[in-house]
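Asker: Provided herewith is a single structure, encoded as structure tokens, for subsequent inquiry.
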Amino acid sequence: MTDVLTRYNSGKLWDFDGGIHPPEMKSQSNSTPISTALLAEDYYVPVKQHAGNAGNLLVKEGDYVLKGQPLTLGDGLRVLPVHAPTSGTVVAIEPHIAAHPSGLSELAVHIHADGKDQWRPQNPTEDYFTHTPERLIEKIYRAGVAGLGGAVFPTGAKVDAALGKVKLLIINGAECEPYITCDDRLMRDYAAEIIEGVRILRYILRPEKVVIAIEDNKPEAVNALRTSLQGANDMDIRVIPTKYPSGAAKQLIYVLTGMEVPHGQRSSSIGVLMQNVGTAFAVKRAVINDEPLIERVVTLTGDKIPHKGNQWVRLGTPIDFILKHVGYQPDNRFPVFVGGPMMGLIVPDLRAPITKTANCLLAPDHFEYDPQATEQACIRCSACSDACPVHLMPQQMYWYARAEDHEKSNQYQLMDCIECGLCAYVCPSHIPLIQYFRQEKAKIWDIEAKARKSEEAKIRFEARQARLEREEQARKARSQRAAAARREELAANKGEDPVQAALARLKAKKAGEAPETGGSAQGAPHIKTIRTEKGQSVPDNSEITALRRARRLARQQTNGNSPVSSASNSDSATISADNTHSTPKTAQNQTAPDPKKAAVAVAIARAKAKKAAQTTTGETVTENVTEKTAQNPTAPDPKKAAVAAAIARAKAKKAAQATTGETATEKTAQNPTAPDPKKAAVAAAIARAKAKKAAMLAESEKK
């Protein structure tokens with residue numbers, strides 16, 4: 001393939017397909033030098049004025065700012081800062097109406113000017129050759145310089161991405177759209193500064209060739225630039241035929257080199273980089289004068305504007321303020337355009353501010369503006385395809401855009417559309433094709449943005465899963481190493497498992513016995529265990545619990561005041577004596593007394609005490625009644641008869657209780673199971689109450 005420089009050096013100019021020659025209407029505004037617009041009282045500076053994301057705010061409400069002071073700062077070359085257009089106070093930071101047909105609002109910094117227009121401290125650069133290209137790119141970025149030809153792509157990022165790749169640097173001065181003359185007047189009035197800005201770009205990029213391309217309808221601009229070069233041959237000025245849209249990047253590259261930029265790639269892929277003349281001027285001001293991009297040249301034209309021309313307008317100035325000072329009278333019948341008649345946008349609210357994208361304010365009257373005709377059905381005439389300079393098929397893209405068939409729209413290369421407006425200009429059905437294409441692009445971009453977010457989330461999830469897997473593998477590896485270390489320790493200890501030995505010592509400590517530290521686990525005392533519902537092995541504390549209950553019941557019996565207590569004490573003494581006699585055997589067997597047997601013995605003692613108390617009380621009552629009856633052999637007294645009946649019932653009850661007690665005692669002896677301590681305590685209390693009642697009854701009878 002022929003090299004781009006070879007084709008350029010041939011001196012030939014190529015002609016692209018399509019294109020038109022609309023009425024230029026440039027003479028309305030290019031006859032007078034650029035003037036300076038009046039300072040407004042209030043400025044509304046949008047925080048995002050470029051193709052990219054907005055930066056982070058550096059100011060807040062109530063702050064005083066100086067002219068050129070940064071209001072935002074990004075975290076990369078693609079996030080451009082914005083600057084204060086004049087000195088004043090930040091009144092608010094809130095959404096403000098944007099210069100867009102949608103009429104939507106965007107975040108803006110509202111600055112109330114103090115009228116002093118005082119600059120922040122500046123550090124001009126006298127010799128930029130003493131700085132590295134990277135340092136100059138940083139200065140361009142911090143000045144907020146973006147492409148002023150319409151795309152507003154961050155200049156610093158664009159230049160940085162093309163380092164070492166550029167063979168041909170093209171400075172675009174074609175300005176092909178009707179009515180717009182801001183670049184024409186800039187080249188006439190500031191040719192020397194534009195040349196200096198081009199040389200700065202050449203120093204950074206180091207291309208082999210530099211060319212300034214201008215349409216042949218701007219002879220004054222061509223002469224001004226050639227005069228400023230003063231015979232220097234470090235750059236060329238090449239005049240090209242006037243044809244719309246020869247100022248578009250891909251079309252201008254084809255005109256100069258005959259080469260097309262591949263689909264989906266940038267011009268740097270073929271060794272070409274393009275910048276606008278206004279961008280070159282802004283680069284010079286940023287590097288040499290240390291002035292950020294806070295103003296730009298705006299063309300004020302249209303028959304509704306009496307004082308036409310080009311003005312330096314501060315960014316953030318309300319559009320209605322500018323139009324008011326050039327004699328514009330609002331008229332609802334005719335809209336105001338930001339941009340030219342081919343690619344411009346209608347502004348629904350004139351309070352919207354000027355931004356870096358605004359190169360023209362067009363206010364036509366009834367001689368220049370036709371009311372929008374009624375849209376009709378497409379007749380498949382192919383006029384749009386014939387006029388398209390990018391070799392697209394607008395009629396097909398129109399159908400797919402209306403059907404929201406995004407896949408087909410991409411297949412027909414909708415994203416290659418430069419939105420020049422030619423298809424809508426030549427359409428006999430008056431179909432606003434560019435509006436359909438812009439809406440379809442926005443939908444596709446939104447879908448792609450969501451897909452990117454989803455993919456990023458997927459990548460984060462997979463990275464997290466991989467991290468968790470690595471951690472799990474590391475944990476398993478640590479466990480395996482620990483197990484291997486335990487096996488080695490077990491082998492070193494001659495078969496004694498250190499874990500089992502530690503568990504044995506812990507169990508021995510809980511049982512109140514000192515573990516043998518130096519011995520093996522087999523030498524530790526045997527500890528009874530039971531199984532829980534979950535299958536875990538825990539120590540069996542039932543014997544200790546029964547022993548504690550027996551001791552508590554014994555203390556309760558000892559502290560009692562009834563005869564039962566005395567009997568219980570005597571029986572307890574008997575049991576203690578028996579236990580004392582059995583002590584040698586216990587010592588011989590080296591076994592502690594069985595708590596279950598102790599509990600059974602206590603229960604038997606309580607039963608015997610209860611029986612003795614009932615027997616004694618019954619005999620005393622019987623003897624007293626018999627004696628009184630023998631001494632007084634008279635007719636039976638009803639009271640005595642009742643007493644006798646009660647005595648009989650008491651004897652019968654006593655006999656029954658004695659029989660039940662003996663049976664229970666025998667069963668208890670046969671089945672050595674510890675009685676329920678609560679029931680035993682209740683029974684003992686009832687027995688004491690009955691014995692006390694019987695004793696009181698016997699005393700009353702004696703009296």
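Cβ from N, Cα, C; glycine included.
It should be emphasised that the depicted structure is a prediction, and the values quoted were computed from it without experimental measurement.
Marked as [4Fe-4S] cluster 1 binding site by Swiss-Prot: C378, C381, C384, C427. Look at Swiss-Prot and you will find C388, C417, C420, C423 tagged as [4Fe-4S] cluster 2 binding site. The compositional bias 'Basic and acidic residues' annotation in Swiss-Prot covers 485-497. The compositional bias 'Low complexity' annotation in Swiss-Prot covers 559-577, 598-629, 641-669. According to Swiss-Prot, the compositional bias 'Polar residues' annotation covers 578-592. Here Swiss-Prot flags 369-398 as domain '4Fe-4S ferredoxin-type 1', drawing on sequence analysis. The annotation domain '4Fe-4S ferredoxin-type 2' is assigned in Swiss-Prot to 408-437. Residues or ranges marked as region 'Disordered' in Swiss-Prot: 467-542, 555-680.
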Asker: Hey, what's the Cβ neighbour count for C417 ([4Fe-4S] cluster 2 binding site) at 10 Å?
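Answerer: So the number of other Cβ atoms within 10 Å of C417 ([4Fe-4S] cluster 2 binding site) is 21.
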Asker: Applying the rule Cβ within 8 Å of the centroid of the Cβ atoms of C378, C381, C384, C427, what extra residues of the same chain belong around the [4Fe-4S] cluster 1 site?
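Answerer: In sequence order, the nearby non-listed residues are I379, R380, S382, A383, P394, Q395, C423, V426, P428, S429, I431, L433.
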Asker: With every protein chain in view, what's the tally of Cβ atoms within 10 Å of the Cβ of C381 ([4Fe-4S] cluster 1 binding site), excluding that atom itself?
Answerer: 13
Asker: Rounded to the nearest angstrom, how far is the Cα of C417 ([4Fe-4S] cluster 2 binding site) from the Cα of C427 ([4Fe-4S] cluster 1 binding site)?
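Answerer: Spelling it out, the Cα of C427 ([4Fe-4S] cluster 1 binding site) and the Cα of C417 ([4Fe-4S] cluster 2 binding site) are 16 Å apart.
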Asker: How many whole Å apart are the CA atoms of C378 ([4Fe-4S] cluster 1 binding site) and C423 ([4Fe-4S] cluster 2 binding site)?
Answerer: 12
Asker: Give me the Cα-Cα distance between C420 ([4Fe-4S] cluster 2 binding site) and C384 ([4Fe-4S] cluster 1 binding site), rounded to a whole Å.
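Answerer: C420 ([4Fe-4S] cluster 2 binding site) to C384 ([4Fe-4S] cluster 1 binding site), Cα-Cα distance: 12 Å.
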Asker: Taking DSSP as the reference, which of helix, strand or coil describes C388 ([4Fe-4S] cluster 2 binding site)?
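Answerer: Going by the DSSP assignment, C388 ([4Fe-4S] cluster 2 binding site) belongs to neither helix nor strand, so it counts as coil.
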Asker: Around the recorded [4Fe-4S] cluster 2 site, report the further residues of that chain (criterion: Cβ within 8 Å of the mean position of the Cβ atoms of C388, C417, C420, C423; site residues excluded), sequence-ordered.
Answerer: C384, A387, P389, V390, L392, P394, I418, E419, G421, L422, L433, I434, F437
Asker: Which residues in the same chain, at least 6 apart in sequence, have a Cβ under 8 Å from the Cβ of C388 ([4Fe-4S] cluster 2 binding site)?
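Answerer: The answer is G18, P394, L422, C423.
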Asker: Which one is it: of the binding-site residues C378, C384, C420, which Cβ has the fewest other Cβ atoms within 10 Å in this structure?
Answerer: C378
Asker: Where among the binding-site residues C423, C427 do you find the Cβ with the fewest other Cβ atoms within 10 Å?
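Answerer: Among the binding-site residues C423, C427, the sparsest Cβ neighbourhood within 10 Å belongs to C427.
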Asker: Using C-alpha atoms only, work out the spacing between C417 ([4Fe-4S] cluster 2 binding site) and C384 ([4Fe-4S] cluster 1 binding site) and round it to an integer in Å.
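Answerer: So the Cα of C384 ([4Fe-4S] cluster 1 binding site) lies 12 Å away from that of C417 ([4Fe-4S] cluster 2 binding site).
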